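Student: Below is a structure I'd like to ask you about.
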Amino acid sequence: MDQELMDFFDFSKEFVRKQAPRGHVSSNVHAFVTESDELEKPIKREIVGKDYVKSFVEKEKKRMNGIFSSDEMASRRNKSLDDMDSDEEYEASPEIRTDAEFYEKYYFNLNRDKSLPIYAKREEIINAINENPVVIVKGETGCGKTTQVPPILFWMMVSKAKQYCNIVVTQPRRIAAISIANRVCQERQWQPGTVCGYQVGLHRQLERFADTRLLYCTTGVLLNILVNNKTLTHYTHIVLDEVHERGQEMDFLLIVIRRLLATNSRHVKVILMSATINPRELSDYFANESSAPPVIAASYGRNFTVEKYYRDQLQSINWEGHQEDINSPGITQEGYRSAIKTILVIDNMERNERGTGKSYNQSLREGSILIFLPGVGEINNMSDMLKDMANHDPIMKFNMVRCHSLMTSEDQREIFQPSPPGYRKIIMATNVAESSITVPDVSYIIDFCLEKVLVTDTSTNFSSLRLAWASKTNCRQRAGRVGRLRNGRVYRMVTKSFYQRELSEYSVPEMLRSPLQNCVLKAKELKMGTPVEMLALALSPPNLSDICNTILMLKEVGALFPTMDGTYDPRDGDITYWGTIMSKLPLDTHLSRLIILGYVFNLVDEAIIIAAGLTVRGIYIDSARLGADNYWMHYVFADGSGSDLVGIWRVYLTYLNMCENGLQKDASIQWAKRFHLSLRALSEMHLLVQDLRLRCEKLSLLPLNFPTHRISDDREKAIMLKVIIAGSFYPNYFVQSKSTSGDDRNMFSVISGLDPCRTVYFTSFTDRTMGELYTRKVKQLFPEAQIPPENMDVTFGQGSEKIFVTFKNDIYKPEGTTYVHVPGRIKAEVYKALRLRTYCNQHSLRVMEPMNALKYVKDKKIGKIVEGRWIPPSKPVAVELLALPSLFDKIIIGRITNIVSCGKFFFQPESFENCIANMSEHFNNPQQLQNCVRNAGAITKGLMLLAKRQGKYQRATVVRVDTQDSRNVRFYVRFVDYGDIERLPMAQLRLMSQDLLRHYRDLPPRLFECRLALVQPASMVSTYNAWPQKADDMLHALAKGGRVQLEIYSLVQNVAAVMIHLREGNLNELLVKEKLARRTDEDYMSRVDHDFRMRKQECRGYVSQQERQQVNEEYLRSKQLPQDMDLSPPPPEECNSLITLKGPFSTLESRVFSTMRSGMSKTVRIDPCSVNFVLLDTEPQDQHAKMVVAASISAAGRHNDVLTLRSTSIMPNIPGFAAIMTLIFCPRAQLKANTANSRYVSILAGIGYHPQTMQSYYEDHDLVINLDVNIDEHDVLLINQIRYMIDSAFFNLEGELHPTAGHADRVLIHNTIYPALNRLLSKNRNFIECNPNSSDYVWQDMEESGEPDPQPYGRRSIFPMHTIPELHEEKMDTVLDLIANCKEMYDYRNFEGSFDPMTCSLCKQYLESVAELRLHLLTQLHLDREKEVGYPID
């Protein structure tokens, strides 16, 4: 590495600004500011069409016209590339090469399958190939073209003196390439991998690959070979099968073949084959001025008839409703009903044809019906309607089968199984059944003539699955599914005139509706013209604006440099080494970027697995339909990460472990069923992982295998995985926001002050219904979520229409249950309950009429009736006996008796020492210890007894029975006065006498629960949001020292938030200093209580002891939570009234908002199949913006105004994480300062702007991060160092093929990036006020605000250094104004008169009341700002 550059990043040296050379893009035009409402308007884009095509096509035609002279049309054959000495030799006519040794080595039986229609065309095909460079074969499915045409070529070459022959045949799908190659070998009696073999990806048969003369491969394999070799001359014949599918790879392959035919490969023969090809279009594409490729047609000639009917011909079904609209494709309810009527017509028709006279329910219903529907949603709708009809009419006997691309192997086998006698098999299928699956017993087809097409907006990269009318080609393909074994009928659910006049003949090619990144990269690799020039030569050229947008995206992901030969070009850019890698990986560019960053951060294998999992669809089985248990498996594998991508990685590791352990097939199937996984998809994923590993090995993308560079710690790996995920899917950044409007007060007021992390609620309950009678019924609303009733408390809002369900905070789970980690502090049961709402958002509850209920409780003597109002029974609480800290006590001294973590420990005030000693003496009296437990059945959950603790018996309650060892039964007990839980044998338990029970059963615990206040675990050292062991050890060491001094911050739900005093400072601050914790706000309830306690303690000296005691008892009484008495419900026969509850809901439910310009005004949702579909505020007390990253985004809605995020990941809850990730991984960024130029307040990121016009190059993908914590100049220096190191890993000089960095350099890069990143993410940052501005999305001239940093790699830098604007101290008069404003707020703190709303100038927050002002003064934001301006704090 350059020492000067390393010195630049040495932070031990003083940072001195120097005049540095300008970057390759400079700007000197003044910035402009747009109005804020301008940001809400859609971005105006210029759509440039296909006018650019004409000049390039004419030029190519001239090149094509010179391909073949009369002399070169002789039947002379090709020689191999190895025989050529130079490029100039390509133009010469090749010498004839024989291969007699090869033909003698293998058996060639080339005169078979004469019955196939293609055989009759053999001579015609041979003559056409001899006389033309390109031949088109159009043959119906089943005519034999795929398996017979290549052997015909062999026969032709054998007859020509056994000339050399090397044939390659492409297939659009890998399974087809493999199966057809094996079938040809079987037919010709060749050993697989010799004469005939296959290659899919990098996987190929290696038996005798040198002898392979007939290679079946995927389209992508041949395309890569040709792009790398830049010639066709490795082959004598190239056969492109299924050309009609018109995928991007096929269309670009046609471009490459036509160009190479016209330049250096004029003697190679090309055969294009398809069943539904447009021969005229292809013939014109390869034609020159003197000739055009001939078309040879081979028809199949069916033995059975296929009758076609249209909607207007089906008089018997009486279809009502509107006519079809070409602009509004879809299926109405009447359309579904008409399909069902058609099924009934088919049944009646079959009965009549057989003339059996059988009744409807006796009909055999032999022929299956195949219904073509556009998507899984429509399949579900059709299935539901058929089920409803079958339920209402038992004689309707249907055997319904689904068929779509995500179905499991078991579901696929079901398609081919015969139905039970008397049942009609109805297959509801998407277009996957057009060609991929043939079901022999299908006699009828119902075709809605619809399909779903994935279309991508190249300007935003948002994809949308659009409903569209199918082409006539598709419809004919569907009709071809019948008439093979018997006569068939096709019912098209459109009118005949609509079909004939409105439906297009062919589908829209993929190149016109999908991203073009891979095509552009192939064009750059091919080096035969610019991307615009090459794509202009496509069979269906894309719009110029789509190509330009693709160029911008490739610049954004690092595949292209911003400039071309040193100059910015909106239509081109020099390819980077990243782009070279991306062109060689069969992945989306963002997934390739994931692997590249995985290499940088030494997580390449994890990145490969995730990339493969995102490429292979359907790993989880139809999670939207199988219920909560299936969905919960996402959480099992995500393991608290909040990331679908981490879940994929863990699924694969589990699958791999299962395979390595040799699990039997049946056991594997059971494992997959249990976790709702598709073995077929996992197997496909495994093949892709192996392929990617091999490709990465060839590209030298290998992990560092030294122990010091391997990330072994799961916590560190989890953070780094999130880092590379954020880097890979830039700019798909979203900010999480609370759904509850207003401040934190609403979060608690809606649920009556209960814990939002454990509580859900239902609405639409009637207060007069006496809800406490139905608590058990409410608990039974969660069976599908598998939440046991004993694990929840049900309470009711006084005077409201809500039912609250609070899940118990017990760390001990019932036996047989698996603990599943979820993000943050929230209970897993909350996620389970909320997921239920997606399946059913209304729940019925049968209750009694109010008057009958009143009489019922009166007769049963349940509770009390006061003035006609029922008071439910409750357990009295003697608040004067509670050990909770008094309202007037700020400091309490005592002992910590038990520590679960820094977030949960138990404290025993020293004032109870004598009480504890007396109790212990009483309990350990020999007379009290005589009640030994002789029968384990006498010990039940919740029973109070005596249990041995540290040699003495203390009172305890039974938590649960440990039944693992039936011979030696043990019990988990909780020591009431110490807080710890122990597993004890029966011999160490004693039953309490009646005298002891009378005295101590109702005595509250002589301790209280605590947690550390104003801090939370630091994400960099925390797993599952748990406190790190080192922090817990520090607390343990403090507890062992004896008495400790607590400062009570607040008391909420009987848990005290405390600071633990040390000789200097307190433990809370020490944990922050040691980076084991970070500062955080307390939640609303805690701040309210703290404010109340402070004000009461301030006036303590003015209140008498008796009054203080009275106030404290009222205070403690108000702190007691509502009780669930678990009353028995009334008899069902008396519950005649029905209430429909809505929910459950949570006050922590969140929404996400886009940071991208193009997503600002759109509604954002998360995919229902994502682990984050139920998105909650996992740290409700934390006011920092939390970041969500999506691997892909789809758009829906009438104006594509609803975005759905797929494969999402919640980023670590680290303040400033979004800003740091943006600055590290964006192409360019501007840091914007506040008006005083004292701090950075926002980041604008994108690929940059035009230096003269100041217009953004890629406005749609510009994103803004508004800062809520301090990012300073030294942070940006660290970020620049990381960017430089990433660039260094891949930097290569112009013209070089490989990076210049060697192994030692890579070790240095790794050892530099990790510490720098750790410093950035673990830094304790001050909170700052938000400063949103109307010019946030406006690029500005930064020349006057700071010098640009040097660009070490100049224009060959993917991550150029960020300019660091110089900051200044705030002016003194501004500081004095802020101090005055702060003092004024403190003066108002105890004000009780009329209050005029005011603004906190430090935090830019509007305060409407004194109560709001008091709570604001307690926030970390305000406290940090006070320190910043030097406000004196008492």
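Every residue, even glycine, has its Cβ placed from backbone N, Cα and C.
From Swiss-Prot, for reference:
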BINDING   Gly139, Glu140, Thr141, Gly142, Cys143, Gly144, Lys145, Thr146  ATP binding site
DOMAIN    126-295  domain 'Helicase ATP-binding'
DOMAIN    356-527  domain 'Helicase C-terminal'
DOMAIN    936-999  domain 'Tudor'
MOTIF     241-244  motif 'DEAH box'
Student: I'd like the number of other C-beta atoms within 10 A of the C-beta of Cys143 (ATP binding site), please.
Tutor: 23
Student: Under 8 Å between C-beta atoms and at least six apart in sequence, can you list the same-chain neighbours of Thr146 (ATP binding site), or say none if there are none?
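Tutor: Those within reach of Thr146 (ATP binding site), by Cβ under 8 Å and sequence separation of 6 or more, are Val169, Gln171, Ile180, Asp241, Met273.
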Student: If you count Cβ atoms within 10 Å of the Cβ of Glu140 (ATP binding site), leaving out that atom itself, what do you get?
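Tutor: Taking every protein chain into account, the count is 17.
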Student: Quick one: give me the count of other CB atoms within 10 A of the CB of Lys145 (ATP binding site).
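Tutor: Its Cβ has 27 other Cβ atoms within 10 Å.
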Student: Please classify the secondary structure at Glu140 (ATP binding site) using three-state DSSP.
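Tutor: The three-state answer is coil.
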Student: Within 10 angstroms of the C-beta of Thr141 (ATP binding site), what count of other C-beta atoms is obtained when all protein chains are considered?
Tutor: 16
Student: Take the Cβ of Gly139 (ATP binding site) and count every other Cβ within 10 Å, whichever protein chain it belongs to.
Tutor: 24
Student: Taking the Cβ of Gly142 (ATP binding site) as centre, how many other Cβ atoms lie within 10 Å?
Tutor: 17
Student: What is the three-state DSSP composition of the motif 'DEAH box' (241-244), stated as helix, strand and coil residue counts?
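Tutor: Across the motif 'DEAH box' (241-244), DSSP assigns the residues as follows: 2 helix, 0 strand, 2 coil.
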Student: I'd like the Cβ neighbour count for Gly144 (ATP binding site), meaning other Cβ atoms within 10 Å of its Cβ, all protein chains included.
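Tutor: Step by step: centre on the Cβ of Gly144 (ATP binding site), count other Cβ atoms within 10 Å, giving 17.
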Student: By DSSP, what is the split of the domain 'Tudor' (936-999) into helix, strand and coil residues?
Tutor: 12 helix, 30 strand, 22 coil
